[in-house]
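Quick look at what TrEMBL lists:
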- 38-57: transmembrane segment (TRANSMEM)
- 64-82: transmembrane segment (TRANSMEM)
- 123-143: transmembrane segment (TRANSMEM)
- 155-172: transmembrane segment (TRANSMEM)
- 184-205: transmembrane segment (TRANSMEM)
- 256-273: transmembrane segment (TRANSMEM)
- 285-304: transmembrane segment (TRANSMEM)
- 310-330: transmembrane segment (TRANSMEM)
- 351-372: transmembrane segment (TRANSMEM)
Amino acid sequence: MPAMPPNTSSLPAPNALIPAMAAPLPSPSHRPARPGRWPGLALAGGLGLLSHGLGQIGWLQDHGLGALTLAILLGMAVGNAWPASASGPRAEGIAWARQRLLRWAIVLYGLRLTFQDIGQIGLAGVAVDAIVLASTFALAWAAGTRLLGLDRPTALLIGAGSSICGAAAVMATQPVVRGRADQAAVAIATVVAFGTVSMFLYPALYALNARHGWVAWSPQAYGLFAGSTIHEVAQVVAAGRAVGGQAADTAVVVKMARVMMLAPFLLALAAWLRRGPDAAPGPRAAGVPWFAFGFIAMAGLHSLGWLPPALVGAVNAADALLLATAMAALGAGTRWPDIRRAGARPMALGALLWAWLVLGGLAIHAGVHALLP
C-alpha cells in the first residue's frame, strides 16, 4: 500500500514563521528612556532663580529674607501643595540638586572670602568667632541629645546653623552627619526664626544703650558682636545697616571670618564622628567632606588676587543661584507632617542656643577684649 503524503494543512506556511523569527529582541535601546535628572533640576532651578530674584527686592533685604531662606520656603510650598513635584520623573533631579549640586556650590562659596578678611578683625575678632562657634556647637550637642532627647543629626544640624552661618552651614553639614531632608529643614527653621529675632533685637538694644549709656558700645563693637552671634549673613547685613555704615562693614567682615571657619569645622566634625565611641560602622560612617578642601582652595585662590574681579563676580553670582537651587530642592523634598512630628524640641534647642548667643556672646566679647584689648 503506498505511503500517504503527510497532512500539512495544520502546519503554518514556511514564510509565516519568518516575521516571528525576524522580530527584534528587546534591547536596552528599545526600552523607554528614563527622564534622568533634568525634570527635577528644571523645577529646582526655576524655584532657585525665582527666589534669587525675589531676594534682590529691597523690602525683603531689609527684613533679612535672603535668597536661601526664600528658596526653601518656595520649595516647601510647592512640594507640599504638589507632592508629586519631588517624586516620579523629578525625584532623581531633586535628590541630585540637594546633594551633589550642593557640594559644588559649597566649594564655589569659598570664592567669596579671602584670608585677608581674617586679618581685618585682628586676633580678638578671630578669638571671639572661634569661642562662640565652639561653645555654641558643644552646647547644641550636649543639650540637644542629652537634655532634650533629640536625635544626633538634628541636634548637630541646629548647632551648625546657629554657630556658623545659618542655612548654608546646615546644608554643608547635612552630608557629614547623614541627616535627612526633614531634619535639615527643621534646623533651617530654627535659624530663620531666631536669626530674625536677633536682626530686630540687636538694633533696638543698641538704641536703648545709646539713650541710657549703660556701657560704652561703639558702632564697631556692635558690628563685632552682631557679626559673631547672628545666624545668617543676610540677617547680619540687615542688623548692621540698621545702626550705620561702620557697624555694617565691621559686622560683615566678622561674619565672613566666621564663615571661613566652616571648612575646618566640617573636617573636625567628620573626624569626630568617625572616631567617636558611637560612630556608625561601615558605609554609614561619616566620610571626609572633600568639598571642605575645595572651599579652602577657592578661598586661597581668591586670596592670591590672580582672578579678575569680573570673573569672581560672575562665579559668585552663579554660585548664589546654585545654592538657591539646592535649597529649593531641599524644601521640595520636605513634608510638613515630617516637621510636625519633630515636635517642639528642635525649637526649644534653637531658643536655648539663641539665648546663649546673645548673653554668652556678650560675656565672651567682654572677656576676650579684657585679655586682648
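Heads up, the Cβ atoms here are built off N, Cα and C, so glycines get one too.
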Same-chain residues at least 6 beyond the ends of the transmembrane segment (64-82) whose Cβ lies under 8 Å from its Cβ atoms: 43-44, 47-48, 50-52, 54-55, 166-168, 185, 188, 192, 195-196, 199, 232-235, 237-239, 320, 323-325, 327-336
Segment-segment contact (the transmembrane segment (123-143); the transmembrane segment (351-372)) at 3 or more Cβ pairs under 8 Å: yes
Segment-segment contact (the transmembrane segment (351-372); the transmembrane segment (184-205)) at 3 or more Cβ pairs under 8 Å: yes
Long-range neighbours of the transmembrane segment (285-304), counting only residues six or more past its ends (CB under 8 A): 103-104, 106-116, 172, 175-178, 260, 262-264, 266-267, 269-270, 273-274, 279, 312
Contact between the transmembrane segment (256-273) and the transmembrane segment (155-172) (at least 3 Cβ pairs under 8 Å, separation 6+): yes
Within-chain partners of the transmembrane segment (38-57) [C-beta distance under 8 Å, separation at least 6 from its ends]: 65-68, 70-71, 73-75, 78, 85-86, 89-98, 101, 234, 320-329, 331-332
Long-range environment of the transmembrane segment (184-205) - Cβ separation under 8 angstroms, sequence gap at least 6: 63-64, 69, 72, 76, 154, 157-158, 160-162, 166-167, 170-171, 174, 222, 225-226, 229-232, 235, 238-239, 242-243, 330-331, 334, 338-339, 342, 346-347, 349-351, 353-354, 357-358
Long-range Cβ neighbours of the transmembrane segment (155-172) (under 8 Å; 6 or more residues past either end): 68-69, 72, 98, 102, 106, 109, 132-134, 136-137, 139-141, 143-145, 148, 179, 183-184, 186-188, 190-192, 194-195, 231-233, 235, 255, 258-259, 261-262, 265-266, 269, 289, 291-292, 323, 326-327, 330, 346, 349-350, 353-354, 357
